[in-house]
Each structure stands twice: as structure tokens, then as C-alpha cells.
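Swiss-Prot annotations:
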type    : residues : note
REGION  : 1-23     : region 'Disordered'
MOD_RES : Ala2     : N-acetylalanine
MOD_RES : Ser22    : phosphoserine
MOD_RES : Ser23    : phosphoserine
MOD_RES : Tyr26    : phosphotyrosine
MOD_RES : Thr31    : phosphothreonine
REGION  : 32-79    : region 'Involved in binding TNC'
MOD_RES : Ser42    : phosphoserine
MOD_RES : Ser44    : phosphoserine
MOD_RES : Thr51    : phosphothreonine
MOD_RES : Ser77    : phosphoserine
MOD_RES : Thr78    : phosphothreonine
SITE    : Cys80    : site 'Involved in TNI-TNT interactions'
SITE    : Cys97    : site 'Involved in TNI-TNT interactions'
REGION  : 129-149  : region 'Involved in binding TNC and actin'
MOD_RES : Thr129   : phosphothreonine
MOD_RES : Thr143   : phosphothreonine
MOD_RES : Ser150   : phosphoserine
MOD_RES : Ser166   : phosphoserine
MOD_RES : Thr181   : phosphothreonine
MOD_RES : Ser199   : phosphoserine
Amino acid sequence: MADNDDAAGCPPPAPAPVRRRSSANYRAYATEPHAKKKSKISASRKLQLKTLMLQIAKQELEREAEERRGEKGRALSTRCQPLELAGLGFAELQDLCRQLHARVDKVDEERYDVEAKVTKNITEIADLTQKIFDLRGKFKRPTLRRVRISADAMMQALLGTRAKESLDLRAHLKQVKKEDTEKENREVGDWRKNIDALSGMEGRKKKFEG
């Protein structure tokens, strides 16, 4: 009984620590081949479904082509009615030919208008598509070539006729004659003598020098 009481009062043993797999074990586990999950549909069943889908698509295409042929026949029967040429004279045949030519010209005009509208719509669609690509940043950037160009040619291309005026920087500078520069240098060089003369130090220097 004492043993049973001690066993009941003791806490349950802790579970064994889970051993983590090392990176090498994980790598080996990832690279080793595993059994692929079996598909619920067999290969023969897949082939049968694909064949059935192709047959349905073929029937749909044939039906659409038949509908287009029927619409074309109905349009031609309403627009191109059979001609009644029995008992017509030469003048009446000429009038009929003129009427037919007028109808042909009208149809050509309508066809031209429709083609112009279609071309305009295609151009607008292409422009909108290009704008969408530009906004998304997925447009194809053209390859740029390196071009050697001088500074003068670059300014000429940017400014045009004003390039010469802007490049002529000396025109805005003040022109100084050579005589004026010599005079300024002479005046600057004699500033010590002028100071000595004003302060009365010139005579004292002569006494020391003598």
C-alpha cells in the first residue's frame, strides 16, 4: 500500500526531449526521393476526359462556323436580290447597270468608313496598352549608344542660336589697357616710400645708411 501511495504522489515522468534534425539530415531528407502521391484519376481516365473536351471544342467551332455561313447567306439574300432581266430593252439594261454601279460605289464608301473606324480603334487600343505598360514600368527600354560630343556642340544642340552668345564669356568682361595695369603696379610698389615720406622716416634712414 505504501508503494502504491508513493507511486500515486510522484509526478509523471517527463517525456523524452525531441531530437532536432541537423541541417545535413534535413538536406538529405529533402534531396532523397519520396513516393509521389497517387492521383485520384487514372491515366486512361485523364486521356478519355481530354479527348472528350477536344471533341466538344471541335463541335463548338463547327457550330460557330455554320452560324457565320448562315448569317452571310441571309445577308446576301436580302441585299443581293436576283435580277429580273426578262423583257428588258437596251435602255432599261443601261439604267439597271447605272443603279448597280451606284450601289457598288455606296458599298465601297461604307466599307472604307468601317475600315477607317477599325484602324482608329486599333490605334487607340495600342496607345492605351502602351500607356498601361508605361504606368506599370514594364516597357522595353531602347539600348542607348555612347556618342562623343563636345561641349560646344552640346550647347549648340541645347540652346541653338543663343549658344554662341552664352559661350562668348569675354564679351561681358571689363577691358583693361596695359598702361593702366602698369600704372597700378607702380602705384602699389611705391606705397612704402609714400609712408616713409609722410612719417618723416626717410631722412633718418639716410643718416643710418650714410
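Including glycine, each Cβ sits where the backbone N, Cα and C put it.
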Cα-Cα distance linking Ser77 (phosphoserine) and Ser150 (phosphoserine), given in Å to the nearest integer: 73
Tally of residues which DSSP labels helix, strand or coil - the region 'Involved in binding TNC' (32-79): 37 helix, 0 strand, 11 coil
Across the region 'Involved in binding TNC' (32-79), what does the mean pLDDT come to, as a whole number? 86
Measuring Cα to Cα, how many angstrom lie between Thr78 (phosphothreonine) and Ser42 (phosphoserine)? 55
Round to a whole number and give the Cα-to-Cα distance in Å for the pair Ser44 (phosphoserine) and Ser77 (phosphoserine). 50
Take the C-alpha atoms of Cys80 (site 'Involved in TNI-TNT interactions') and Cys97 (site 'Involved in TNI-TNT interactions') and report the distance between them in angstrom, rounded. 14
Per DSSP, to which secondary structure element type does Cys97 (site 'Involved in TNI-TNT interactions') belong, with helix, strand and coil as the options? helix
Rounded to a whole number of Å, the separation of the Cα atoms of Ser42 (phosphoserine) and Cys97 (site 'Involved in TNI-TNT interactions') comes to 69
Pull out the recorded positions from the set Thr51, Ser77, Cys97 whose C-alpha sits within 10 Å of the C-alpha of Thr129 (phosphothreonine). none
Cα-Cα distance linking Cys97 (site 'Involved in TNI-TNT interactions') and Thr51 (phosphothreonine), given in Å to the nearest integer: 55
Rounded to an integer, what is the Cα-Cα distance in Å between Ser77 (phosphoserine) and Thr143 (phosphothreonine)? 57
For Thr129 (phosphothreonine), what is the secondary structure state per DSSP, taken as helix, strand or coil? helix
